[in-house]
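For reference, the structure is listed below as structure tokens.
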């Protein structure tokens, strides 16, 4: 059976129309499927994030409840740490304080006599109490050597480090001594100045309290003489008759 040119053209047009419809339908279905899967995935992620990073979450760690975030009575969020965490932080604070107040000794230093580096007295004086230290002072060839603490060697090194001790009251009444943690800043310079000043009462070096008229004295000497002690300005003056 022969087919005319017109009929053939109509058949070809129908085939093309059918193919175009199939292509359009197949093209439309794919996005819908992807959109549905994306919505499902997004919902799962929202649920997962809500469970993990919600306003309140508790979990068991070593049979102890740990609340990471919670709401207080006023409706404000707050962080609540576990007992294990608090104990760990408390231990870290104690270790830090011990490190701050622990005096770090240099690798090499000379041991001096166990007496106060200011008043030159030992710990057998009841009104003075115990000695605090050791602190460390560096001496060079131009420094004044405190012979009452340690005899100078015949061949000293170019730089020597010695340990020094103080009575609490003697250190408190020395104007330039300030304790920062476990260190006294500029201690070497302070001691050089004090060791060059002799006490107006006992005539020994190490005087740190201003007696007036360019004279200085030790704390126990001022107390023993009954001087008026000015705690605000760290001064001492003889009492008026």
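Using N, Cα and C of the backbone, Cβ positions are placed for all residues, glycine too.
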Correct range for region 'Disordered' (source TrEMBL, candidates 1-35, 36-70): 1-35
Residues of the domain 'PHD-type' (113-241) by DSSP state, where helix covers H, G and I: 20 helix, 38 strand, 71 coil
